[in-house]
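Per Swiss-Prot, the features are:
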type	residues	note
BINDING	ARG191, ALA192, GLY193, ARG194, THR311, ASN335, SER523, ARG584	CoA binding site
BINDING	GLY387, GLU388, PRO389, ASP411, THR412, TRP413, TRP414, GLN415, THR416, ASP500, ARG515, ARG526	ATP binding site
BINDING	VAL537, HIS539, ILE542	Mg(2+) binding site
MOD_RES	LYS609	N6-acetyllysine
Amino acid sequence: MSQIHKHTIPANIADRCLINPQQYEAMYQQSINAPDTFWGEQGKILDWIKPYQKVKNTSFAPGNVSIKWYEDGTLNLAANCLDRHLQENGDRTAIIWEGDDASQSKHISYKELHRDVCRFANTLLKLGIKKGDVVAIYMPMVPEAAVAMLACARIGAVHSVIFGGFSPEAVAGRIIDSNSRLVITSDEGVRAGRSIPLKKNVDDALKNPNVTSVEHVVVLKRTGGKIDWQEGRDLWWHDQVEQASDQHQAEEMNAEDPLFILYTSGSTGKPKGVLHTTGGYLVYAALTFKYVFDYHPGDIYWCTADVGWVTGHSYLLYGPLACGATTLMFEGVPNWPTPARMAQVVDKHQVNILYTAPTAIRALMAEGDKAIEGTDRSSLRILGSVGEPINPEAWEWYWKKIGNEKCPVVDTWWQTETGGFMITPLPGATELKAGSATRPFFGVQPALVDNEGNPLEGATEGSLVITDSWPGQARTLFGDHERFEQTYFSTFKNMYFSGDGARRDEDSYYWITGRVDDVLNVSGHRLGTAEIESALVAHPKIAEAAVVGIPHNIKGQAIYAYVTLNHGEEPSPELYAEVRNWVRKEIGPLATPDVLHWTDSLPKTRSGKIMRRILRKIAAGDTSNLGDTSTLADPGVVEKLLEEKQAIAMPS
């Protein structure tokens with residue numbers, strides 16, 4: 001694999017890069033051998049109210065998983081992202097907002113963003129929100145989403161951002177689990193010319209009898225669309241901030257005070273509230289942003305991720321703003337109203353650094369040269385990829401067509417739980433191979449292990465674990481530390497298990513091969529198979545369901561659901577549509593099955609366990625080696641499934 005064509009470091013990058021190959025080696029070695037010294041120094045990327053004396057205090061030991069960084073230091077995230085830039089760079093653009101409609105865009109300076117955040121912080125205080133309270137944010141991609149998040153951090157409230165594509169049921173579940181006191185939303189969102197009924201979804205979520213903690217709903221007027229209104233509970237954003245002062249002293253927070261909860265799909269069905277704290281998280285987000293994107297003051301940076309995902313937290317907002325960068329926030333989609341929209345936005349705003357997902361890249365690649373028609377993209381210097389492994393063909397297309405064969409592609413591997421980049425190239429320090437995330441970031445100690453947890457040396461393939469802590473690591477799952485230990489530290493003792501498999505080549509470059517557990521990666525978004533199965537079996541006509549992922553050209557993985565109906569029920573085109581809509585309503589459009597495979601029975605072991613390995617192979621059409629079927633209670637089921645599969649039209 002090391003024989004694959006290597007992309008060398010372009011001269012224009014090498015000439016002014018922040019980290020060259022020699023510096024990377026020296027800094028990486030220090031970060032591993034002397035983490036207290038290394039991170040003690042790197043922590044100075046932030047302004048601290050009370051400087052830390054302690055740096056690292058962590059344990060991955062069974063029954064005693066505990067992660068603390070900079071634990072005696074105090075700071076405020078919003079002050080680091082806003083206040084400290086005002087004197088020198090108050091007039092610099094903090095956020096460029098590009099609307100779904102290309103005629104709508106605006107520039108918001110650091111001074112203006114600071115003013116808006118102070119006003120909203122005072123609004124939150126007036127509504128009785130205190131340090132430690134949880135605030136749910138269900139917003140479109142508008143600057144006010146950033147204002148809401150930063151205002152929470154400013155007063156010490158914990159934000160729980162919920163992706164605007166989630167259904168009312170999913171929203172309710174997250175509000176209940178986190179005990180949110182306030183919901184911030186918008187009348188509607190806008191995406192690819194369509195309105196998204198955000199306020200209606202919140203109304204429906206709050207009808208759930210188990211939602212008892214919410215006192216108010218603050219509503220931003222985005223479209224002016226007609227919405228229901230509950231007097232006393234619902235409040236207009238503009239009415240509230242109008243009366244609020246633009247002066248606010250940021251709350252002094254301990255480095256280990258909670259900053260946000262972000263729900264991510266688990267393999268057991270119930271979404272997990274990943275909890276990040278303030279100090280270590282922001283040090284890590286800022287440092288990774290600066291070095292991985294080789295950020296120079298004045299660069300225009302665009303991360304296409306929604307604020308509802310961790311990428312939107314770390315690399316649309318907090319990392320860039322902590323570094324005083326100009327970050328572009330895009331309400332629309334990369335290929336609407338024309339396939340060249342992404343390239344047009346790059347030219348319009350003279351973007352230097354572009355960070356997007358393989359799903360978007362593959363969708364544009366399918367359009368060929370229409371994706372770059374009428375654009376030159378000459379402002380670009382660095383390209384990035386996030387969300388799932390990028391296949392070499394898409395990587396090469398991205399490098400060649402979007403980046404004009406001159407921009408390094410930083411293919412970043414990380415997770416909601418890691419807070420920031422883990423395995424990634426550095427533009428001036430790493431020769432690139434299409435499809436490889438390359439080498440670990442500072443302080444990250446990856447290892448590949450076999451099923452027993454034994455480390456594998458040299459060029460090999462195995463489960464990807466991290467053997468020691470890093471500052472951006474999630475501290476726990478909200479309200480469930482036992483599940484945190486069980487999920488990430490019980491498979492392999494004294495190691496963090498990522499749930500991903502990987503290959504390491506002769507150059508010690510890492511190639512991520514995908515999930516090894518029951519989590520799907522659809523368009524760069526994680527979905528638990530158990531969550532989708534629970535939604536399916538909740539349908540009154542469905543007896544049983546098993547969900548697997550199959551390869552998909554655009555989305556990376558498509559959702560393939562095996563469904564057995566209750567006795568007396570018959571499959572029909574109407575039921576097919578009804579079941580797909582049912583899942584869409586229960587979880588959201590992302591979770592809609594691409595294929596429903598009606599069947600009478602599923603392959604089970606004698607103990608009743610569904611053999612997913614076999615279902616994956618059948619769904620993917622890989623029937624050459626189904627492996628050991630001797631433990632099946634009824635081996636004949638497999639033949640029947642193979643026959644049924646012949647008649648199924650597969651998504652392209």
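For all residues, glycine too, the Cβ spot is worked out from N, Cα and C.
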Using a 10 Å cut-off on Cβ-Cβ distances across all protein chains shown, tell me which of the binding-site residues (GLY193, PRO389) has the largest neighbour count.
PRO389
May I have the list of same-chain residues other than VAL537, HIS539, ILE542 whose Cβ is within 8 Å of the Cβ centroid of the recorded Mg(2+) site, in sequence order?
ALA535, LEU536, ALA538, PRO540, LYS541, ALA543, GLU544, ALA545, VAL563, VAL579, TRP582
Counting other CB atoms within 10 A of each CB, which of the binding-site residues ILE542, ARG584 comes out lowest?
ARG584
ARG515 (ATP binding site) - helix vs strand vs coil (DSSP):
strand
About how far apart, in whole Å, are the alpha carbons (Cα) of THR412 (ATP binding site) and ASN335 (CoA binding site)?
23
Can you name the residues of this chain that are 6 or more positions from TRP414 (ATP binding site) yet have a C-beta less than 8 Å from its C-beta?
VAL386, GLY420, PHE421, MET422, ILE423, THR424
Are there residues of the same chain, six or more positions away from THR416 (ATP binding site), whose CB falls under 8 angstroms from its CB, and which are they?
LEU262, THR264, VAL274, TRP309, VAL310, ALA474, ARG526
Which residue among the binding-site residues ARG191, ARG194, ARG515, HIS539 has the fewest other Cβ atoms within 10 Å of its Cβ, if you could check?
ARG194
Round to a whole number and give the Cα-to-Cα distance in Å for the pair GLY387 (ATP binding site) and SER523 (CoA binding site).
8
Among the binding-site residues listed here (THR311, THR412, SER523), identify the one with the smallest other-Cβ count within 10 Å.
SER523
Which ones in the same chain are close to ASN335 (CoA binding site), with CB under 8 Å and 6+ residues apart in sequence?
ARG341, MET342, ALA360, ALA363, LEU364, GLU367, ALA371
Out of ARG191, VAL537, HIS539, point to the one nearest ARG515 (ATP binding site) in space (Cα versus Cα); all of them are binding-site residues in the record.
VAL537
Fill in the CA-CA distance, ARG191 (CoA binding site) to PRO389 (ATP binding site), as an integer in Å.
26
How would DSSP class ARG194 (CoA binding site) in three states?
strand
Taking only the Cα atoms, work out how far THR311 (CoA binding site) lies from PRO389 (ATP binding site), in Å, as a whole number.
15
Protein Cβ atoms within 10 Å of ALA192 (CoA binding site), excluding its own:
13
For SER523 (CoA binding site), the one of PRO389, VAL537, HIS539, ILE542 that lies nearest, given that the binding-site residues are compared by Cα:
PRO389
